[in-house]
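Q: Relevant sequence annotations retrieved from Swiss-Prot are reproduced here:
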type: ACT_SITE; residues: C561; note: active site, for beta-ketoacyl synthase activity
type: ACT_SITE; residues: H696; note: active site, for beta-ketoacyl synthase activity
type: ACT_SITE; residues: H739; note: active site, for beta-ketoacyl synthase activity
type: ACT_SITE; residues: H1348; note: active site, proton acceptor
type: ACT_SITE; residues: D1540; note: active site, proton donor
type: COMPBIAS; residues: 1642-1659; note: compositional bias 'Low complexity'
type: COMPBIAS; residues: 1683-1706; note: compositional bias 'Low complexity'
type: DOMAIN; residues: 388-821; note: domain 'Ketosynthase family 3 (KS3)'
type: DOMAIN; residues: 1316-1629; note: domain 'PKS/mFAS DH'
type: DOMAIN; residues: 1716-1793; note: domain 'Carrier'
type: REGION; residues: 923-1245; note: region 'Malonyl-CoA:ACP transacylase (MAT) domain'
type: REGION; residues: 1312-1634; note: region 'Product template (PT) domain'
Amino acid sequence: MSGPTKLVFFGNEFPNDDLKALFRGLHRHGKDRRFRQLATFLEESTRVLQNEVAQLPEPLKKLVPHFENLMPLTEVDFRQGPLGAAMESALLTILELGMFIGHYEAEERVWDLSADRTTLAGLSIGLLAAAGVALSTHLAEVVQNGAECVRVSFRLGVYVHDISRKLEAPQADGSLLSWAHVVTGETASDLQEELSRYNTETGTPELLKVFISAADKTSVSVSGPPSRIRAAFRASQRLRYSKSLALPVYDGLCHAAHLYDEETIHRVLHPDGSVIPTSRPVQLALLSSRSGQPFEATTAAELFRAISTELLTGTIFLDNITAGILDRTERCADAPQCQIETYRTSLVFKGLLKALEACFPDRTISTTDLIPWVFQDYGARQPKSYADSKLAIVGMACRMPGGANDLDLFWELLAQGRDTHTTVPADRFDLETHYDPTGETENATRTPFGNFIDQPGLFDAGFFNMSPREAEQTDPMHRLALVTAYEALEMAGIVSGRTPSSNPKRIATFYGQASDDWRELNASQNIGTYAVPGGERAFANGRINYFFKFGGPSFNLDTACSSGLAAVQAACSALWAGEADTVLAGGLNIITDPDNYAGLGNGHFLSRTGQCKVWDQSADGYCRADGVGSVVIKRLEDAEADNDNILAVVLSAATNHSAEAISITHPHAGAQKENYTQVLHQAAVNPLDISYVELHGTGTQAGDAQEAESVLDIFAPRAHRRRADQPLHLGAVKSNIGHGEAAAGIASLLKVLLMYQKNEIPAHIGIPTVINPAIPTDLEQRQVYLPRTKTAWPRAAGQIRRAIVNSFGAHGGNTTLVLEDAPEKQVTVAREERSTHPVVISAKSKKSLAANVETLLAYLDENPETDLGDLSYTTCARRMHHSWRLATAVSDIPALQKFLRNAVSNDAVSQTRPIPTEAPHVVFTFTGQGAYYAGLAQGLFQALPFFRAEVRQLDHLSQRLGFPSIVPVILGEVEEGTATALVTQLSIVIVEIALARLWLLLLGIPAPHAVIGHSLGEYAALAVAGVLSTADALYLVGHRAQLIEEHCTPGSHAMLSVRATIADIERLVGTGADAPTYELSCQNTHQDTVIGGSIQDLNAIREKLEPEGIKCVNVDVPFAFHTAQMDAVRERLAKAVAAVPFKTPSVPVLSPLLGSVVFDGKSINPEYIVRATREPVRFATAIDAAQELGIVNSQTLWVDIGPHPICASFVRSLVPGARIVSSCRRNEDNFATMAKSLCTLHLAGRTPSWAEYFRPDEQAYSLLRLPKYRWNEVNYWIQYLGTWTLDKAHLKNGGSQKRTITDVPSVSSLRTSLIHQVTEETVDKTTATLKAISDIQHPDFLEAVHGHTMNNCGVATSSIWTDMAMTVGEHLYRRLVPGTDHVLMDLCDFEVQHAQVANTNSNTPQPLALEAHLDLPTRHMSLAWYDVNATTNQRADAPFATGSIKYPADPTGAAWSIEWSRITHLIQGRIEALQHLAAENKASTLSKPLAYALFKNVVDYAPRYRGMDRVVIHDHEAFSDITLTTDRHGTWHTPPHWIDSVSHLAGLVMNGSDASNTRDFFYVTPGCGSCRMTEPLIAGGKYRNYVRMFPMPDEAHMYAGDLYILREDKIIGVVEQLKFRRVPRLLMDRFFSPNKNAAAHAAPAPAPAAVPAVKKQPPTETIQPQAPKTEQKQDQLQLPNLASAAPSTANSSSSPSSSGVATPTTEQEAPVADASAVTGVAGKCLELIANETGLGVAELTADATFVQLGVDSLMSLVLSEKLRSEMGLEIKSSLFLECPTVGDLTGWLEQYC
């Protein structure tokens, strides 16, 4: 019985299922080894898309998220962007083929598609998916062919969008418009007739016409640019009233025969010259959607070409597809069954199915949906194996003992066979007191030896954005990790984001560290702010990630002595696992702590006789060593693609553990051998092919013997001996530089990497006597050697050297790496020689910039044969660029050397300034026709594929519009002066649009801030601004040129450039009847004018002007543009432009026609184009208008786009100081112009995309190993002082203990809403003491705090502390004087040093303590409030608020009443005066809502706090009427909301009066002198209060006043000396930001109620060093007094100290003598400081201290905010402490700002 016929139908739309769910299913199944073909297809498709995306221009690349699989692509809606068509086409192709492959694997189907009974069909992009099946004979071939289908789909989408957007730009608002509408009820022939009529009547160019793209019996699809379709449907009555629907086609035009041709198809299929393999035959019939017949293609190449041609040019005829399928089915007359496979259903498919059922009623027709399988679960499967890429080490850096502070010095040390061990230097610890060879002294070391880095404290803090204090507290090994990481990255040429593998989100760090000497010893002597981030291990590489903005994993590993190499192995694993694409790895060790010496010595690890004696008979332990090293590693394929220098290749790496050793610290040969075997198997390397082993080699008897056994058994076995030409060399770097512990492995690796570079093995110096007898004696017989002298290690031709690097940990870990030679670089790209190259140098400080210049000059002097192109590539594309910059464009090395020498000798560095923090705006200016010359932009066209492709694409569009090609003009094939106006003008506009895209898409210049075009150049400007589509711009330029050629006589009129104003011309030429006739054509500047007229008239004018000394130049154009000569074309041009759509500009357009700036979408219209041809070009007026609006200024960067920078001179004249770069220049090589322009942009802060500049022939350039960055170093070092590591051995639980508040039950019955737990209460006859704890997060307390919010955070007001004081005062008084009815109290000298802010985490306790002591004989009680650590219950040493209570001798209060009665009439008189002023509208009357609305300027009160009903205010005087709430809302002495209601009038006066500068300042109260009441406040009581505030004469910015509280016209309370301090409003956020992540132990943040007063100190006061204080909690803001703010004089030295900051005075320029000599940024900063402090600039002498100048902590905050807001400088307020003098500050500013 014959088999069934099969039809597989591939649609052109995604199924209705969730797209992400579909791809998630594919991705999930792709991890299952049951779906091997699917997995391979997904991997290949991902790789194809990665490669295609990598070829896109930089701005388009940025639209695509990083993806290692397809899932991220499904998360992005690409439809609104330029990659919509490309991504949707590619993803649809992947989805259909993936579902097809997965279905076969899920069903375990064998291939059953026979050529004679199988038909494939598809619609649109579905044809490409179908092609993957049509070319295959089994499933594996579908995988291979399918990847190529994905590639073509993507390219097709990119090209369609690119071409279509040149026909019509996208909407400015991002909305999607359809490029196709379906019309039902019309025939294709009728609609074609209607469309032809419409296109003809409107004069629509063929390129832009509306056309039919698809048709069947019942419907027709109409396609075209969206605006043209809409216009057609509006204009055509037939279309307007038809049944139509917009289709979801948003990315451009397909099926357009008038738009694409054979050359287009070729560019889609072979954009980079690649050729699709032609040997693959077509296996299955695939039907054309145009003819319904199988494509007449026999090979893959032919099939892809046929499909691409059909997609781009062929109309879809659905009826033909149906007919073809029916015909193919009918031919198999014996088939009883028809099986159809498709993806869900669609209208087209339903129609096809209906036709089949109708035609073949006797056949069984079945359908299979290829999608449902993806949602099924096929059981757990094992994942696929990990990637097996080789890895490339591309960068390295180090700091090693013996002065080896770079790689060259390290190699020099090794090559010379030096031993670096010495005794412990004094900067580590005092050897005399800490060394005892007898071992009798507890905690002393028994060995005095070690290997040490020279001055490990040297560090460039400013480079890494660290303050001196932070640098000092940061572990030196962490600092050197940063430094070596940078140097390794620099060597590797890593520039973040330059290539896919340098994506910062995919760069990881792995560092090994096994000790914490600095944190445990040096920094712990005075624990500071940066103790945790400066000392905890995780911050070593965490800081690297943070500084470089790396988003990959950050791991700090401790595997004891193998930590460094284990970190490298972990880094390699991350690369193999796909967790990162580039890794930094290394090891860190800096020795300072004698404890570790003692511990290792007592554990018998250390040698007492000196250096590590590896494999020596006298080996007695290891010698400790410093060391810091970093390496950069990538996958090999990435390194090769990135054109990196590969130092060596990592084949495999592994770590295991000596689990079977006899003790945890004893090595185990068996485990070591297992590890070797594992890495050799992974690398597929024969052990006999290893030619070098770098031993762990500690120099211990046990270690050497075990390692010798393991190495010899595996790499030189007796059973399989090495040949004589297979020697195995061994060595150990520890015999030179000691055992670096965590850095030992990285030191070994660096040594081997240097051996690869130098082709040499250093001598092994570890055997000073004789070889250890435990080592086998047959080494030579086994071809094993420990070279005792330098030994050559050459790389033979065609051979690869392989090496092993070992590192073992004392804890039992074994790490091994297998290395091999880097592959020899194959240069496959011929380099386009450029006449001129840019060279750039940069640094983060002036001093480093000067040093970098000097070192580069020295390098060139030593290497005069250096290739300039390679040098340019290295400095531009492969270096990180910093703010201090020098740049030049040169054509040879001698010219560069001259530039560098001049920079050094003329001190050019000191003249430079750092680039601005915010890059300047860019304006594009487009030149006109006068810039034309033959061969324009020829160099760029020939050398830059991107520019060439852009020109050819634009030229193709132009030709499709019916105009001639302009490429011959660019190639110089047209003689000068022979080109027509049409060709000339098209050449200029095409070149200008292509240049603009070159700047924007390739060279990385951002979208311009504005554009301006001069005459003809305005068409290019409008195209770039999106006003005109590219196609319309070319159409108008070409059509206008044709009209001019046809209707204007060339040579009859001309244009004359005159160096004079139009007024001067009129005056000199005259206006009489016999005066020559002329017209204004162009007003280029205020002194440059172009006039036009007949030749005769212009000659006559010239004869009049030149004798007057006025320069005149004929403009080289054949017509007089912008004159009456253009009148002949106006009407015809108006008709041509009428149908052209105009869009709202995407950037401002400086209009030379209107002399203004255009922002809207109506000003530029068809009439504008006609007027611009006839009317003058008012270039100067347009520029003036832009300057007036602030769109351009002296800081603006101008990019002149055109063949010659004609507009540049105009801009320079109009905009003083304008910076202009050119794109091309007549009679100058294009790359000479471009190089200079790129340098100018780079120096201005608009760093070009250097990578793209060199991309076309990057593989032909070499990355040079130039001198490393020269640091501006200072020695930040905290010296270990004393002998406390020895002394602690003798302490037996002694020493003082901090007073703590323990968590015990309350000892008193006192408990209120604010006092929660009394921990101590003692009472005797005359004194009483109470200590209590309260929790701000307690509901009652928290509600009180939130009644007074500032900057959205709850702040404890003074009324809270007042209630607590009165509560405790009354309680203790009654304990001493029982039976007292009413206790009168006077709260005196109340001052809040810093207020409390409620943490946002209410689940975390926020405790505080109150301590009170009452002395009855003196009738006085002292009060103090303290912060409390919630974790330890330990209270702070210093209180945050203090006060006292005085108890009057008269307990009735009569004395107070009498006192106040004497002034009551005065207060009443002032209240009446204010009422009178209010009646005359001279004082303000505020209602309650208005009063509290004013208060919101600073503080927002809860409703219960809003007691003031009415306020009358005049200047700083006011009274208010008050009604208290009727509810106490808690348990209080006096509710805080009542206290606030009767007292916060003073706050309103200061913060709401027009007499206060509330715009720049706000006012907060630090306390009062006295607060007393003769009677308690009553619920619902009505009161009146009065206050007048005065400035305090003895304290700047402080106000004080007395506030009176009256009830029924009687004074019942007074708050005396109520103070308010003025605070700059710019500090609002700094002071009053809520702490959202407060830790459990944290104390509250500050509030506006208590910015502390800064007490003035005598300027001559000697500031003494401060004792260590309790660490300031992260959410407090303590503004210290001057004495505590100023650093001690001992702290201002850069020599080792135990204090705090090492101020960099010795390494920087000496401070200037006086402020008047300071210029630049430093000078401006001093002017700002003088303005803010009220000092004269002359008073800011270099030796003046900021303490003496009155710059207190509050002023420091103000100055830092001012410097940020006004000068853009991010400067911490602590800088005024770290740079205590004006000279220190200016030195710092000159270096880093």
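Glycine residues also receive a Cβ, built from the backbone N, Cα and C atoms like all the rest.
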Q: Whole-number Å distance between the CA of D1540 (active site, proton donor) and the CA of C561 (active site, for beta-ketoacyl synthase activity)?
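A: That separation, Cα to Cα, works out to 65 Å.
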Q: What kind of secondary structure is H696 (active site, for beta-ketoacyl synthase activity) part of, going by DSSP in three states?
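A: The residue in question, H696 (active site, for beta-ketoacyl synthase activity), is coil (DSSP, three-state).
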Q: Go ahead and report the DSSP secondary structure tallies for the domain 'Carrier' (1716-1793): helix first, then strand, then coil.
A: 49 helix, 2 strand, 27 coil
Q: What is the total of other Cβ atoms whose distance to the Cβ of the residue listed as 'active site, proton donor' is within 10 Å?
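A: 25, counting other Cβ atoms within 10 Å of the residue listed as 'active site, proton donor'.
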Q: Determine the mean pLDDT over the domain 'PKS/mFAS DH' (1316-1629), rounding to the nearest whole number.
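A: So the average pLDDT across the domain 'PKS/mFAS DH' (1316-1629) works out to 93.
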Q: Looking at the active-site residues H696, H739, H1348, which one has the fewest other Cβ atoms within 10 Å of its own Cβ?
A: H1348
Q: Could you tell me the C-alpha distance between C561 (active site, for beta-ketoacyl synthase activity) and H739 (active site, for beta-ketoacyl synthase activity) in angstrom, no decimals?
A: 8
Q: I need the CA-to-CA distance for H1348 (active site, proton acceptor) versus H739 (active site, for beta-ketoacyl synthase activity), whole Å please.
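A: Cα of H1348 (active site, proton acceptor) to Cα of H739 (active site, for beta-ketoacyl synthase activity) measures 62 Å after rounding.
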Q: Between the Cα atoms of H739 (active site, for beta-ketoacyl synthase activity) and H696 (active site, for beta-ketoacyl synthase activity), what distance do you get, rounded to the nearest Å?
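A: Approximately 9 Å lies between the Cα of H739 (active site, for beta-ketoacyl synthase activity) and that of H696 (active site, for beta-ketoacyl synthase activity).
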Q: Including all protein chains shown, what's the count of other C-beta atoms within 10 A of the C-beta of C561 (active site, for beta-ketoacyl synthase activity)?
A: 30
Q: Would you identify the secondary structure of H739 (active site, for beta-ketoacyl synthase activity) according to DSSP, in three states?
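A: Note: H739 (active site, for beta-ketoacyl synthase activity) is in a strand by DSSP.
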